[in-house]
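Colleague: As listed in Swiss-Prot for this protein:
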TOPO_DOM  1-406  topological domain 'Extracellular'
DOMAIN    6-98  domain 'Ig-like 1'
DISULFID  C28-C84  disulfide bond
REGION    96-167  region 'Disordered'
CARBOHYD  S109  O-linked glycosylation site
CARBOHYD  S110  O-linked glycosylation site
CARBOHYD  T113  O-linked glycosylation site
CARBOHYD  T126  O-linked glycosylation site
CARBOHYD  T127  O-linked glycosylation site
CARBOHYD  T131  O-linked glycosylation site
CARBOHYD  T132  O-linked glycosylation site
DOMAIN    175-263  domain 'Ig-like 2'
DISULFID  C190-C249  disulfide bond
CARBOHYD  N225  N-linked glycosylation site
DOMAIN    267-373  domain 'Ig-like 3'
DISULFID  C294-C355  disulfide bond
CARBOHYD  N316  N-linked glycosylation site
CARBOHYD  N367  N-linked glycosylation site
TRANSMEM  407-427  transmembrane segment
Amino acid sequence: APTKAPDVFPIISGCRHPKDNSPVVLACLITGYHPTSVTVTWYMGTQSQPQRTFPEIQRRDSYYMTSSQLSTPLQQWRQGEYKCVVQHTASKSKKEIFRWPESPKAQASSVPTAQPQAEGSLAKATTAPATTRNTGRGGEEKKKEKEKEEQEERETKTPECPSHTQPLGVYLLTPAVQDLWLRDKATFTCFVVGSDLKDAHLTWEVAGKVPTGGVEEGLLERHSNGSQSQHSRLTLPRSLWNAGTSVTCTLNHPSLPPQRLMALREPAAQAPVKLSLNLLASSDPPEAASWLLCEVSGFSPPNILLMWLEDQREVNTSGFAPARPPPQPRSTTFWAWSVLRVPAPPSPQPATYTCVVSHEDSRTLLNASRSLEVSYLAMTPLIPQSKDENSDDYTTFDDVGSLWTTLSTFVALFILTLLYSGIVTFIKVK
C-alpha cells in the first residue's frame, strides 16, 4: 500500500451528563495510515497527560488503525482545553481539539423531546398537554405528585444522542466544454456525499432508457471529517447531447426514496457573434513581458472555452488568465475575456499567437491571430493603450521589415561605389 497520513477522529463518552465524581473519557481514533507506527500524545494546554494507546491493527485494505484514550475528572476537564496530537513517521502531525458539549440535562428541560423521523417529514413533540379540569383537592395532590415524578424521570433519563450524520447530497455535473470539443465526447458525473454510503447505488438513464455502456463506477471514498463520497461517470457521443437528449442520474438507498437529477441542454443556446484580439503594449524595458487580450461576446449559455496557441502549439494554462463570463448589460447573452502574458524572447524572431474560442452551440472553432515581435515592441516607447488588430493606427511588422531591407540595400550600394571609385583612381595613378 502507498504511504498515507492517518485520519484522526475525536470521540467523547456517551450522551449522559456525567456526575461530579465520575470521570470523562476522551478518545482518538486513528485510522487509514501506512506504513505502521504512530505516536499519540495528549495535552491539557501545554502539559502532557497520561493516556492509554491500544495496539495497532492492520485492516483488510492493508492500512492500519489504532486508538488512544484519556480519562480525566469532570472538574479538571472543565478547566482547560484538551488536544490529541498524532505523529506519523511518513507525514505531518494532526491535532484534534476536544470541547465540552452542551449539557444534555439542560437540553431535556428546555425543549420537548421528539421521536426520530424520516428526513423531510415533520416531527411531533411528545410532551403531554396540561390538564385544565378541576379535579378537587385530592386530584390536585395526585396531579402534583405525578408532575413531580415526571420531572424526576426527565432529569434522570438519558436523552437520545443527537444525530451528527450528514444527510445525503446528490450533484450532477454537465459536460465540460473541453471534452465536447477536444474529445468529441459528453461526460456526465453524478456525485453523492453522506455519512453511510455502503448501500448507495447510482444509476443512469439516457432518454428514459438504461445505457448499455459508457458507465464508469467510482470507489467509495472515506474522508477525514467522517463523511463518505461516491461518484459515477457516463460518457456519451457529443451528437446526443447536442440533439437535446435528456440524461438522468438516480440515487437509490434503502433508507430513502429514489432521488433523481436530470441534465438537459439549454434549448435557447446562441453561438458567439463577436471575437476580437487586442494588443496591450507599454513602455517597459526590453526584458519585460507584453500582454494580449482576447474578448468574445454574444453567446449563451455561459459555458465557453478560451485557449491560446503559440505558433500552433498550445500555451500552458499558467500563462493566461480567463475570466468567468458575466451577463451583458440589457441582454440574455454573456461575454468573456482572457489575458495572455507574452514573455520577451531572447531573439527578435516574431511569434504568432492565436486565441481559440469554442462554445457548445458553435459548429466550428472561432480564432483570431496576431504576429508579435516582442523585442521590437519592448524597445519602442509606446503610450499604454489597447489597439485592435483591424485598426491602421500603428506601424505593422511588414513595414518595419521593408524599412530594414531598404536601408541594407542602400549601405551595400554605397560600399560598392566606394570600392569602384578606389579601383579606378588606383589604375589612373599607375
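A Cβ is built for glycine as well, from the same backbone N, Cα and C atoms used for every other residue.
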Colleague: Once the chains shown are all counted, how many other Cβ atoms turn up within 10 Å of the Cβ of C84 (disulfide bond)?
Modeller: 27
Colleague: Show which residues of the chain containing C294 (disulfide bond), separated from it by at least 6 in sequence, have their CB under 8 Å from its CB.
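Modeller: Those within reach of C294 (disulfide bond), by Cβ under 8 Å and sequence separation of 6 or more, are L275, S276, L277, N278, L306, W308, W337, S338, V339, L340, C355, V357, A368.
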Colleague: Calculate the per-residue pLDDT averaged over the domain 'Ig-like 3' (267-373) and state the result as an integer.
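Modeller: Averaging the confidence scores along the domain 'Ig-like 3' (267-373) gives 80.
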Colleague: Write out how many residues of the domain 'Ig-like 2' (175-263) are helix, how many strand and how many coil, based on DSSP.
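Modeller: Per-class counts: 12 helix, 47 strand, 30 coil.
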Colleague: Please tell me which one of the recorded positions listed here (C28, C84, C190, C249, N316) sits closest to N367 (N-linked glycosylation site), measuring Cα to Cα?
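Modeller: That would be N316, the closest of C28, C84, C190, C249, N316 to N367 (N-linked glycosylation site).
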Colleague: On the three-state reduction of DSSP, what should I expect for N316 (N-linked glycosylation site)?
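Modeller: Where N316 (N-linked glycosylation site) sits, the three-state DSSP reduction gives coil.
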Colleague: Out of C28, C84, N316, the recorded positions in the record, which is closest to C190 (disulfide bond) when you go by Cα distance?
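Modeller: Given the candidates C28, C84, N316, the nearest one is N316.
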Colleague: Taking 10 A as the limit, how many CB atoms besides its own sit near the CB of N367 (N-linked glycosylation site)?
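Modeller: Other Cβ atoms found within 10 Å: 15.
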